[in-house]
Amino acid sequence: MSKAIMGAAALSIGDILGKVIGFIILPYLTAHLGASGYGALTLYLSVIQILIIFISFSGQGLLPVKYMQEGEGSSLVFRRDNITLAVASSVLLVAIFYIVTLVTKISVSFSDGFLVVLASLAQALNFINLSHLRISQTYKVAAIGQFLLSAFNVLFTIALFEMIAATPGQRLIAIAASFFSIQLAYEFFVYRKRAVKRSELEPSRKRYKEIISYGVSLLPHHGSYWIKSSVDRFFIAHYMSTAVVGVYGLAFQLTSIVMLFFGVINQAFQPFIYRKLKANDFRGVELIQYGYTALVIVSCVIYFFILPFAFPYLFNAEFNSAIYYFNILLPGTAFLSIYYIFTHSLFYYRKNKLISIITMGSMITHLIGIFVIIMTEIKVEYFCLVYAISSFYACAVTFYCGKRQISIERKRC
């Protein structure tokens, strides 16, 4: 087995173990915050998800392509510029929110808004750094970092909850502190040793424009997932209560275990898929895609039967409805997990507009479903069903377009 494969496996294992540590704290959070408090936290986390997209400009998607097509020097310049833009956009967001708090009356305090932006920036930087570490095959540092990140996340949360107060704000502080600590470690142990040639630093305006243009082109792609995974919670909070949001949020978080688990595997496969596409090894790409898809399906079936037995031992009775919502949400999460493995070939050939069109269609499907629910009868399970349908749409169309693109490239060889 090659060092690259062993390194990717080590990073995946470290990342997965880190995610497991992160999910261990779920019963602790729900017990200390209650349904209403956990509902408020999930609303904050939903805002963080969309802010990460704006702050990072989706640079973690283009960075590996830069590395493969233009070399490490270009990717290091891209990483640095991406981080600079991320920090600048975060400062701008804080300033805008501060002005909003001065001229309008909103229920969210400036301190909570600041913490939301801070946690978003910390996670955006992690996405950017991890993308470069993975494509440059710096697996050992990345694996240790991601494992420690999740461990710090849990430890900081417990310490703040026990020593200060169990509030959503303290949870946001723990998230920001854990992510920033690991990014500083990456900077010290990895990136300060990798110099960038001065000749590669010009012209800066063109470089920043490329990052911003790339991020804007993918807003429908990432925005679609945000709408499908988060916007429902705001409608539920408006028409029902934050307590119901807490129950729904827990159900979604439990299905997200599948997404995070296979997200790690999916990202681990990315460098290998890119290298196989570069070598015109299309059969190898298809074997990865089909093997991954089969693994998703089998894992979801097993998870579907195991969770109902474990749930009563982990969560309070006020969250019992979450298991019902989980059963409806799980197929949608499986479809999205499969969807992402087929986007790699489209990203490699820079079919950003095509991806955005697909996800725009999925987003419109989801919004139409929400509109129908609001106009007829509002039930949480209906939101779950709409999520599953829109996810299937994205998965099916991306599968078709990905296969079509590979077929086109085969004919060119």
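Backbone N, Cα and C define each Cβ position, glycine as well.
Record features (TrEMBL):
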- 7-29: transmembrane segment (TRANSMEM)
- 41-63: transmembrane segment (TRANSMEM)
- 83-104: transmembrane segment (TRANSMEM)
- 110-129: transmembrane segment (TRANSMEM)
- 141-166: transmembrane segment (TRANSMEM)
- 172-191: transmembrane segment (TRANSMEM)
- 211-227: transmembrane segment (TRANSMEM)
- 247-269: transmembrane segment (TRANSMEM)
- 290-311: transmembrane segment (TRANSMEM)
- 323-342: transmembrane segment (TRANSMEM)
- 354-374: transmembrane segment (TRANSMEM)
- 380-402: transmembrane segment (TRANSMEM)
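Counting C-beta pairs under 8 angstroms (sequence separation of 6 or more), the transmembrane segment (380-402) fails to reach the transmembrane segment (83-104), with fewer than 3 such pairs. Taking Cβ pairs closer than 8 Å, the transmembrane segment (83-104) reaches residues 51, 54-57, 59, 110, 113-114, 117-118, 120-121, 124-125, 128, 208, 211-212 in its own chain, all 6 or more past its ends. Using a cut-off of 8 Å between Cβ atoms, the transmembrane segment (323-342) and the transmembrane segment (247-269) share at least three residue pairs, counting only pairs 6 or more apart in sequence.
Simply put, out of 110-129, 172-191, 247-269, 247-269 has the most Cβ pairs sitting under 8 Å from the transmembrane segment (290-311).
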